[in-house]
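Okay, structure first, notes after.
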Amino acid sequence: MTLSGNSKIQQVIGEALASRPYSHDQRAVTNVTAVITVEHDLRFLPRTLASVLRQSVLPSTIVIADCSGNTVQSVQTSFEIIPTVAEVYQEVPEPQRISVQLVRVTQAKSFADAVAKVLRTAQVDTSTKMLWLLHDDSRPADDRCLEALLDAWRNTPTAALLGAKQLDWEGTHLHAVGAYAASHRVTTLVVDGEPDQEQYDTRRDVFAVSLAGALVPVNTVTAVGGVNPWFGTFDESDDFCRRLCRNGKRVVVVPQARIAHRRARWDGVRSKGGEPINQDDATNTSMAQLSGEQKYRYTDINALWWPLAWIAGLIIAAASAIRLLFRKNPYRAWCTLCMPWIALCGIPGALSARHRLKKVSTVPRRALAPLTADRQQIRQWHARIDAFNDQCNNVVLDPLATAHLRARLIRRWALAATAALLALICTVIMYWGILRYAFADTSMYSNQLLPTDATFRQLVESATTPWVFGIGTGIPVPPTPWLLVLMVCSVCTGGHVSVAMALIFFLSAPLCVLSFWALAGVVTRSDTVRVLCGLLWYGCALAFGLYAEANLPMLTVMVFLPGALALSFKAVGLYRTEAPVNPRSSIQAAAASALMFIPAVAAEPQLLLALIVIFVAFLVFVRRHRLMLLLIPFPAAVALAPTLVNAVRYGADGMWRQLFGDIMVPAATVNGTPKILNLNALIWRTFGIDAPQTWSAWATPDGIRDACIIITMILIVIVAIVALFRPSMFRACRILWTVAICGFALAIVSAAVVVAVMPYGVAGGSVLPGVALAACGLLGSAALMAGSAVKPFNRLTEETASSFPAGRIGRAAIAVLLAVATASCCWYGWSIAARDGVGITGSGLPMVARDYLDQQGDRRILALRGSGNGTIEYSVMRTGRGDLIDSSPAYRVSAAYGLQHDTDDEQLARLSAHLLANSDDDAIATLSDLGFGGIYVVTGASGDISARASEQLLANVTASQGTQSVVSSTDGTYFRLTLNATPSQHIDASAQHLVQHSPWRSAWLWCLGIIVVLYCLVAIPRRHTAAKEEQE
């Protein structure tokens, strides 16, 4: 053959032969043939060929099986060596010829299958008695590997198979030195990766060896039915050796024969089709590994026991999956769950393999006791594995480094806790009037936040049922996603929903400080900058008016969004650490990030649109861990599934706009009218500032306050722009700027989307979610300018000249800017604390009316309020107050676009108008027929209530037949409807029950629950050392 042919593999062989060292220390044995299999991946073949050609003892024939299909026809070449003899030279030694053959192999199912096929077509000498089997990625680790195998064969002529010691590719660390039988499996009793110190070189007879590098007598191949390719490359050697041992033959490991095995396919750097894979993109081969182990286990059991073994396998698979999730190995857990079902598909192959084993088994199991590992050996082996993994995975720190990192940890958390406590105290002082009554029978409210008197059961029904209970007699629309957050918080308060609202309101202050403190820690380790960033984030919540209007959904976003982004950075190892600890990726951080995105996206569904773009940017900037990044937003999407499905299904009718709404009632000061905002208008609407008409307006106290906020924010944006030109953490800065740009784009789009029709006109979406997202990116970029800001740890104190570097000056300037911005935001937030009517109320329906509603869940009362100018407001009451849990952005969008036709809600509007105009017996009768049991007329002293309209409404209801006044107070009068008996007063809930028992609802809840539990198992932290804690 022409060694410089066009084929890549021919070029590799030619180069190996050309570079073969000339030596007289080699000899050839005519009865040995080496077989090397190769695929498309040729990265390891040159070293393997070079190692084979350097052997002190060479096989007479070297057959290279090309399984890639690139070789059109088999070709052959040869070279000569002059051997060395021990006696005195009498004549020139006769040269020995070594044949090298390249043979085409197609459709090989495994390594052994490729060997079997190549031997059928290769020109192998009939004198061949031994086969030396090699993968292209398994090379002899020294020049005497084959010689050691042949010596062992001569010393143990009864051996049916001789295996080599398996090392890593560099030949310094162990993979295996033979293997022993265990409970329906094979174990090496070697810690994979431990240094080779010849500690296992006394082994001889074993239960199994790897075929890579093994010396196999020709008669052994056919003695027990040959190698079964059904087991695959990973486990076919174990099955083959099992049949040899059960047939009474010896399997011997030769520790002096050392094979450096790269295990490319096992380690995921080679695809199933033999293509090379970059180390950074290595695939997980757990599915193939577990499948091979399962095949071996089932074929080691009598087929009559397989049904029971399969049932037990289901239970064991579930338990193993949970254990693997705790160990932060979700893909292997998934593979484990798939194993029982894969076993069903492999029954024919398993029956054939079991028949082969029984056919050759002549030795009972108890006779193989010397080749079997007992429980104590396996227990000790697992202990050594755990100890070795702890040593490899953890940074071993000396006492000085540990003390340094512990001191830094205490200082860092002390400052963070102080900042969080400061934010909590500030919030408590501003809203003490709410906190002091929060644990009584009261509820928070504001101009946009409805109060609540719902029970935990009602909250759960509203949060998990695509049905709004408080609109008319109920309408089928998706549930408000944020109710899931409120439901979880209510669990923490023992089912008290109103207390959960106050809990969110007050605890959001310290939590949002800690959340952004964590995000700032991604780009800087400066304690001062991190604390000031956290306080500024809290100040932004105050300045945005989130506390003034008790905007609980946005407060949820402020708490969870920065932390979720911080954990996303940590998941891909893109964060700063303190020496001597290095950053690394973390599946646990990815799972925690996914869980933290759920409440943020549930509070403001529009964030999901921006997060999709952001994670695409993650995939572009971070080329590793792509599957992990794609799985981060998945739980949040599942939590929003009813909303997303409804938005897509009725997207042509405009229902996609519900993504831009939330549970808060739209208000003119926050939502405004839909229009495309420029940057100035976006800033004014964000802070609720009226645009100044003249320059003199800036000279007023309020103008100075507003100017401080605007100027500091502009300076922060400038610093964030400068951060783009800083080379360190450049990828993180680009991602943060992607977050900022997506946030601004989302805010502009949201402001132009119609989400409701309110008394003041058409309402647009809130800009606050997008602005909060943009603020995350900008503040993070500004914090990046502070740099690492940590003095490197030195074990020896070094005397250096005092200096004041530019980096320290820059950090000081950034800290001053952040402090001024925090003070400005807190000043503004303090001044607007009572702007939007946040308060606490204990009023509502009279006690008799509440008792009536509590008796049955399908009872309703109609509340009416006359607001003057011939206008009446109405509300369907199923709790003691007009309830927050019945606030639906989906309904507001559908009503705005006229999608609610001929509903009970429209009928209630007409009936209410009739009762305001005059007494109407038919209206009362219709209300009774709808299932209402009472009417409550609000007559309080509120400025929105017209006394004249209230008197007229009271008179008309009193004069209508079928009403009875029960309770009258300054707040209002409650009328009982008497046309129907009390037990029969209930709305028609048949459609509601149909939705509640829908299989789609059950499927959604089960999927959401299972996904959250699985992610929680992965996110739960395991035992950490001090070094690991420093990676935060």
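Every residue gets a Cβ built from N, Cα and C, even glycine.
Over in TrEMBL, the protein carries these features:
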type     : residues  : note
DOMAIN   : 133-342   : domain 'Glycosyltransferase 2-like'
TRANSMEM : 304-325   : transmembrane segment
TRANSMEM : 413-434   : transmembrane segment
TRANSMEM : 484-517   : transmembrane segment
TRANSMEM : 529-548   : transmembrane segment
TRANSMEM : 554-573   : transmembrane segment
TRANSMEM : 607-622   : transmembrane segment
TRANSMEM : 629-652   : transmembrane segment
TRANSMEM : 704-725   : transmembrane segment
TRANSMEM : 737-761   : transmembrane segment
TRANSMEM : 767-790   : transmembrane segment
TRANSMEM : 811-830   : transmembrane segment
TRANSMEM : 1003-1020 : transmembrane segment
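Among the recorded stretches 554-573, 629-652, 704-725, 767-790, 1003-1020, the one sharing the largest number of Cβ pairs closer than 8 Å with the transmembrane segment (529-548) is 767-790.
Contact between the transmembrane segment (1003-1020) and the transmembrane segment (629-652) is supported: at least 3 Cβ pairs lie under 8 Å, counting only residues 6 or more apart in sequence.
Among the recorded stretches 704-725, 737-761, 767-790, 811-830, the one sharing the largest number of Cβ pairs closer than 8 Å with the transmembrane segment (554-573) is 767-790.
As a quick check, the transmembrane segment (607-622) and the transmembrane segment (737-761) clear the bar of 3 or more Cβ pairs under 8 A, pairs 6 or more apart, so the two touch. Residues 426, 430, 526, 528-529, 532-533, 535-536, 538-543, 545, 547-548, 687, 705-706, 708-709, 712-713, 715-716, 719, 782-783, 785-787, 789 of the same chain lie 6+ residues outside the transmembrane segment (811-830) yet bring a C-beta within less than 8 angstroms of a C-beta in it.
Distant neighbours of the transmembrane segment (737-761): 565, 606-607, 609-610, 613-614, 617, 654, 657-658, 660-661, 665-668, 671-677, 682, 685-686, 720, 724, 767-778, 780-781, 889, 892-893, 895-897; these residues of the same chain sit at least 6 beyond its ends, with a Cβ under 8 Å from one of its Cβ atoms.
On the 0 to 100 pLDDT scale, the domain 'Glycosyltransferase 2-like' (133-342) averages 92 in this prediction. Counting same-chain residues at least six beyond the ends of the transmembrane segment (484-517), those with a Cβ under 8 angstroms from any Cβ of the stretch are 416, 419-421, 423-424, 426-428, 431, 434-435, 438-439, 441-444, 451-456, 459-460, 463-464, 530-531, 533-538, 541, 547, 550, 552, 555-556, 558-563, 566, 598-599, 602-603, 639, 776, 779, 884-885.
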